[in-house]
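Structure first, commentary second.
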Amino acid sequence: MNPAHLLVLAAVCISLSGASSIAPQPLNLIQFGNMIQCNNTRPSLDFSGYGCYCGRGGSGTPVDELDRCCQVHDNCYGEAETVHECDPYWTFYSYECSEGKLTCKDNNTKCKEFVCNCDREAANCFAKAPYIDSNYKNCK
């Protein structure tokens, strides 16, 4: 793995570790970060702290289309926890990246399939949405 990707992963994990009142736990964001890199040239770390929903927590009104992608992803993870009774941060799934196209592979549980699709749809949304530099660290 590229050292820059490891740095991004560490920064995202550190920023998300304070997202709950329980003791911080290792979070599985490796796959999501790699999915983002599959179809986006912007470094994954650029998304953490963007708008009101990208990164740790999320509240208020999304500032733009990209921030809405993060809000939808947050809600998707929430649904994984409540409806599918799984922890999306600990769920490892199978996927493929080929020529910028993401495909969730044959995952043997509903939880894995659901979380994979949360991440795939968010990565695709990130790739399509404009990134407005002034919205980084700018929740209005």
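Cβ atoms here come from the backbone N, Cα and C positions, even for glycine.
Summarising the annotation, Swiss-Prot assigns active site to HIS73 (among others). DSSP gives HIS73 (active site) a helix state.
According to its DSSP assignment, ASP119 (active site) is helical. Within the same chain, residues at least six positions away from ASP119 (active site) with a Cβ under 8 Å of its Cβ are GLN31, PHE32, MET35, HIS73, TYR93, TYR95. Look at Swiss-Prot and you will find ASP119 (among others) tagged as active site, backed by similarity to another entry.
The Ca(2+) binding site annotation in Swiss-Prot covers TYR53, GLY55, GLY57, ASP74. TYR53 (Ca(2+) binding site) carries neither a helix nor a strand DSSP state and counts as coil.
For CYS38 (disulfide bond), the same-chain residues lying six or more positions away in sequence with a CB closer than 8 A to its CB are CYS97, GLY100, LYS101, LEU102, ALA123. If you look up Swiss-Prot, you'll see CYS38-CYS97 (among others) marked as disulfide bond.
The disulfide bond feature in Swiss-Prot is assigned to CYS52-CYS139 (among others).
Here Swiss-Prot flags CYS54-CYS70 (among others) as disulfide bond. Counting only residues at least six positions away in the same chain, the Cβ atoms of PHE47, TYR50, GLY51, TYR53, CYS54, GLY55, GLY58, PRO62, ALA122 sit under 8 Å from the Cβ of CYS70 (disulfide bond).
Taken from Swiss-Prot, the feature disulfide bond covers CYS69-CYS125 (among others). The Cβ of CYS69 (disulfide bond) lies under 8 Å from the Cβ of CYS54, ALA122, CYS125, PHE126, ALA129, each on the same chain and at least six residues away in sequence.
Non-local contacts of CYS76 (disulfide bond) by the CB criterion (under 8 A, 6+ apart in sequence, same chain) comprise PRO88, PHE114, ASN117, CYS118, GLU121, ALA122. The annotation disulfide bond is assigned in Swiss-Prot to CYS76-CYS118 (among others) on the grounds of similarity to another entry.
Per Swiss-Prot, the feature disulfide bond maps to CYS86-CYS111 (among others). Look at CYS111 (disulfide bond): DSSP puts it in a helix. Packing around CYS111 (disulfide bond) is summarised by its Cβ count: 20 other Cβ atoms lie within 10 angstroms of its Cβ, all protein chains included.
A strand conformation is recorded for CYS104 (disulfide bond) in the three-state DSSP classification. Taken from Swiss-Prot, the feature disulfide bond covers CYS104-CYS116 (among others).
Here Swiss-Prot flags ASN39 (among others) as N-linked glycosylation site, drawing on sequence analysis. For ASN39 (N-linked glycosylation site), the same-chain residues 6+ apart in sequence whose C-beta sits under 8 angstroms from its C-beta are CYS97, GLY100, LYS101, LEU102, ALA123, ASN124, ALA127.
Within 10 Å of the C-beta of ASN107 (N-linked glycosylation site) there are 18 other C-beta atoms, taking all protein chains into account. Annotation comment: Swiss-Prot describes ASN107 (among others) as N-linked glycosylation site.
According to Swiss-Prot, the signal peptide annotation covers 1-21.
The Cβ neighbour count for CYS104 (disulfide bond), using a 10 Å radius over every protein chain in view, is 20. In the three-state DSSP scheme, CYS97 (disulfide bond) is classed as strand.
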